[in-house]
Amino acid sequence: MNQIWTVALKEIKDNIRDRRAFFFALIYGPVLMPLLMVGPILFSAKNNVIDFDATSDLYVVGAEQAPNLIQMLLQNNLVAKPAPPNFREKLRSGELAVVLEISDIYGERLREGKPAPLFVYVNHSSKDSLKAANQLKSVLSRYSAELGYWRLNARGLSADLSTPIKLVEEDVSSQGISGMLFGFMVYFLIMFTMMTGGFYLAVDITAGERERNSLEPLLSLPIARWRLVTGKYLAILGFVATSASLAVACVYLIFTLVPMDDLHIVLNLSGTALVQSFLVALPCMFFVAALLLATSAYTRTPKEAQTYISILYLLPMAPILVKQLSDAAMSGPLLALPYLGQFSLIDRIIKAESFSLAELSFSVGGTLLCAVVLIVVALSLYKREQILRD
């Protein structure tokens, strides 16, 4: 057992000394990737979510023409203020978000039962302006529908006459589009950082040592090949697990520390869900480490190893492609496939959907079995004399 840990610690120390390997294993994948993926999504959601409970100023031209309208806007947390004469220039410069103009004939047209014109000035090149305009138009649309109802009611007509069909759409998913988006994001981040964490160590562990002519002296030592392979495997597994753990912690910190309270409207990603996702992905760590080790043992040069392992980065995308091509539920034996089982279960966790113990067993058992097969393959490659040939 001491020999195994000696080999593992030797590989870990060598990998830590390599600054590039250290950067990609413990900084790029676990820290920068969550920031690059989650950050834009958070700020995009922040820019598009409308908080109707927050009070905001609305600059109005001709507010005296419609006191009832101004009162309605105030009830909807829009405080009317006089718009400056040069409001168009201020809209273009971004000083104002949106301006409402009430025409002189607004009251007259309302009394006559005719459409009363309102003008909304917006800067479509500004996200803040579009967001404010959408909020205003939503409030005005509700007010217009309410006035239309009372007009028909005053004439003894039912408002239902204007809506012969009432279409009701109900989303039965737990979290809607946000759940689907973040289910994919959490799965991809965990799997991507696993690959990134073990990438450089896997390249160096066989092909790199062969190129430096240090593999033959290592194999000539009085140590069983299976102990040598196990030590190298544990070294890769350590970096894979550390990288994935840091990535999950980084995602949690982003959602905890970034002050975006109103995002709870569209996002529901708790610490419990992240921990559960990490535990579901745990068997995949053993699989990824075994896959990297077997690939490294098969290749002859570091360049060839980098090429093969770079192709392996596409494997975590396979379940997403399957999901896009077929909307059928992933269950039963399909969950035994590595990546596919983890993607399906993590997706359900983020959506607050349940899964059975049997489904979890399929995922864990199938992934660990594949990991064992790959370790056996790597061991058989190390036992061959061709392992020393360039």
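Cβ atoms are placed via backbone N, Cα and C, with glycine included.
The following features are taken from TrEMBL:
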- 21-43: transmembrane segment (TRANSMEM)
- 21-378: domain 'ABC-2 type transporter transmembrane' (DOMAIN)
- 180-203: transmembrane segment (TRANSMEM)
- 233-255: transmembrane segment (TRANSMEM)
- 275-295: transmembrane segment (TRANSMEM)
- 307-325: transmembrane segment (TRANSMEM)
- 360-382: transmembrane segment (TRANSMEM)
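Counting same-chain residues at least six beyond the ends of the transmembrane segment (180-203), those with a Cβ under 8 angstroms from any Cβ of the stretch are 11-12, 15, 18, 20-21, 24-26, 28-30, 33-34, 37-38, 41, 173, 235-237, 239-244, 246-248, 251, 267, 269, 273-274, 277-278, 281, 284-285, 288-289, 292-293, 295-296, 302, 305-306, 309, 312-313, 316-317, 319-320, 339, 342-343, 346-351. When Cβ-Cβ distances below 8 Å are used as the criterion, the transmembrane segment (360-382) is approached by residues 219, 225-226, 228-229, 233, 280, 283-284, 286-287, 289-291, 293-294, 297-298, 332-333, 335-338, 341-342, 344-345 of the same chain, each at least six residues removed from its ends. Beyond its flanks by at least six residues, the transmembrane segment (21-43) meets 15, 181, 185, 188-189, 192-193, 195-201, 204, 239, 242-247, 249-251, 254-255, 258, 260, 263 of its own chain at Cβ-Cβ distances under 8 Å.
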